[in-house]
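Novice: Below is a structure I'd like to ask you about.
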Amino acid sequence: CTVIFTRLATKDLHKPISVLFCNLAVSDLFTSFSGFWISMLFITNPDITIFGSKDMLAPYSLYTTSILSTIYNLVSIGVERYLAVAKSMRTRFRVARNHSIAVVFINWVLAFFLGCLPLMGWNCLRKAESVSVLYSPFCVNYLIFIAIPNVVVAFIIPLFTYLRIIIILRRRKLRMKACGQATGTYKSAEIQVARTSIFIWLLALVSYAPFFAGVIFDATNHQCHIDLYPGVYIFRNCTAVLITINCLGNPLIYTLKLKTLGAKLKALKCLSVSRVRACAI
């Protein structure tokens, strides 16, 4: 919420990348909200989160939609950064704000469509033979359909974009060094991009790899719910905690780490304090 408020309150931060940052914060907020909804259902009626119920379709669908939107936004940020660096020497192409808004719209439409497929009928309320053990009443084939392609997208595309950015910066640094020009700016940019990409990979690996492992286990498991209780469901809850940690880590890596955003947040705070003092006077 702090990221969203700061992005919307500062006009000079309304850039294409800022639109993606703000939308990433919205996706993380939806993920946290849907996770809190599932947690309340687990506290009030834990049986429906273990054996499945029609009441779990809506919160699980919202949870899936928000996770997919977060993944697509992370990929969009990586692609936008690559285009900004790779096309910076060309004036014929610029990533405009309208492009970012269109990407945000497409991301949400795709996330809502894939996430709400169980609400449209792709569920196992009446098919007990293919029901998921961890996320009942979702079907196992639906989880595989959602997990495998998006895991590939979430890991392969950011790997390509950030490696390409580092390679481009290094080539330009070598060219400037050969011409006898200063290369301190490119060196610092290369180090910053390398650190950010490492943090992205570690956070994504820690957050989504256990969930993907749980889906693979769910697809190969042939035991019933009672035989797996409580160890497997503790693992499922831990994967949800890790995904929530990812929602907390994204603002730290992408937004709150930026000096500009921190300065604007501090300026907004000082402005609010000065207004209170003016009203008191």
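Using N, Cα and C of the backbone, Cβ positions are placed for all residues, glycine too.
Computed from a predicted structure; not experimentally measured.
According to TrEMBL, the record shows the following:
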DOMAIN    1-254  domain 'G-protein coupled receptors family 1 profile'
TRANSMEM  17-40  transmembrane segment
TRANSMEM  60-79  transmembrane segment
TRANSMEM  100-122  transmembrane segment
TRANSMEM  142-167  transmembrane segment
TRANSMEM  198-217  transmembrane segment
TRANSMEM  233-256  transmembrane segment
Novice: Which residues of the chain, 6 or more past the ends of the transmembrane segment (198-217), have a CB below 8 A from one of its CBs?
Specialist: 74, 78, 134, 143-144, 147, 151, 154-155, 158-159, 162, 232, 235-236, 238-239, 242-243, 245-246, 249-250, 253
Novice: Looking only at residues six or more beyond either end of the transmembrane segment (17-40), which have a C-beta under 8 A from one in the stretch?
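Specialist: Residues 1, 3-4, 7-8, 49, 56, 59-60, 62-63, 65-67, 69-70, 73-74, 76-77, 80-81, 84, 97, 100-101, 103-104, 107, 240, 243-244, 246-248, 250-251, 254-255 contact the transmembrane segment (17-40) from elsewhere in the chain.
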Novice: Report the mean pLDDT of the predicted model across the domain 'G-protein coupled receptors family 1 profile' (1-254), rounded to a whole number.
Specialist: 79
